[in-house]
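**Student:** Copied straight from TrEMBL:
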type     : residues : note
TRANSMEM : 17-36    : transmembrane segment
TRANSMEM : 42-64    : transmembrane segment
TRANSMEM : 76-96    : transmembrane segment
TRANSMEM : 129-149  : transmembrane segment
TRANSMEM : 161-182  : transmembrane segment
TRANSMEM : 202-223  : transmembrane segment
Amino acid sequence: QFYQACRTGIMDQALSIYFLLGWLGGDLLNLIGSFLADQLPLQVYTAIYYVLADLGMLSLYCYYRVKNGGRAFPAPINAAFVFLSVGSLSSLSLLGSAGTEDPGTFRGRSLLSAPGDELGPKPFSRTEIIGFTIGSISSVLYLCSRVPQICTNYKRKSTSGVSYSLFALVMLGNSLYGLSVLLKNPEPGQGQGDYILHHLPWLVGSLGVLALDVVISFQFLAYRKGRPATLEERGALLGEQDES
């Protein structure tokens, strides 16, 4: 997506600011919730990368917005952007200072287990409840963030400036991400149903958003013939019209 933005120069028109803000908000809450709810180390490390990538994409969006002479953002969007940016940087710094615990080893899900392995549900701690709630809100933001981008593509009748590789890799990553959580063996004394419940918001956020990404994939197919020209092509056409 970074390459596509630099190549076409119309990132501010191709992507919805609400899509980017919703994505950043979801990733930020995902990071905080994963840390508080004691999720897998892979989930925490992936969430950190997502937050950094979202901040880079938002910065690039603002750059092309200014470069292309776009209108200033409304006050609520500016406030949301500042709040999410400060929250992201603060969360990353706090997590970095807190350090990481021993991630342990990955234990694959056993096909055969002794009856004594299932010792009943593992209760939520107060911190895990807070993390679970934040993770649930993150899942809602993930699902809602796709809707503005779908509407933007529909209004433009084009997906020019949007990289399909972004959504293809997101779908692949979310699928593998969800499978990695499902395939991990529960902790000793924790039932499989209880294990799924503890990770449910993150499973919904990763696997549930696939349906909306499939809709965007169909938009790429439907609008592939109506791709508008890039800034350089439009500039050349305008120059020819002025000469004539």
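Glycine too: its Cβ is placed from the backbone N, Cα and C atoms.
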**Student:** For the transmembrane segment (76-96) and the transmembrane segment (161-182), does the number of C-beta pairs under 8 Å, pairs 6 or more apart in sequence, reach 3 or more?
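**Tutor:** Contact absent: fewer than 3 Cβ pairs fall under 8 Å.
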**Student:** Please work out which recorded stretch in 129-149, 161-182, 202-223 has the most C-beta pairs separated by under 8 angstroms from the transmembrane segment (17-36)?
**Tutor:** 129-149
**Student:** Which bits of the chain, at least 6 residues beyond where the transmembrane segment (129-149) starts or stops, bring a Cβ under 8 A of a Cβ in it?
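**Tutor:** Here the qualifying positions are 15-16, 18-19, 21-23, 25-30, 32-39, 162, 198, 201-202, 204-205, 208-209, 212-213, 215-216.
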**Student:** Which residues, given as numbers and ranges, are at least 6 beyond the ends of the transmembrane segment (161-182) yet have a Cβ under 8 Å from it?
**Tutor:** 1, 3-5, 8, 10-11, 13-15, 40, 42-43, 46, 109, 149, 153, 196, 199, 202-203, 206-207, 209-210, 213-214, 216-217, 220
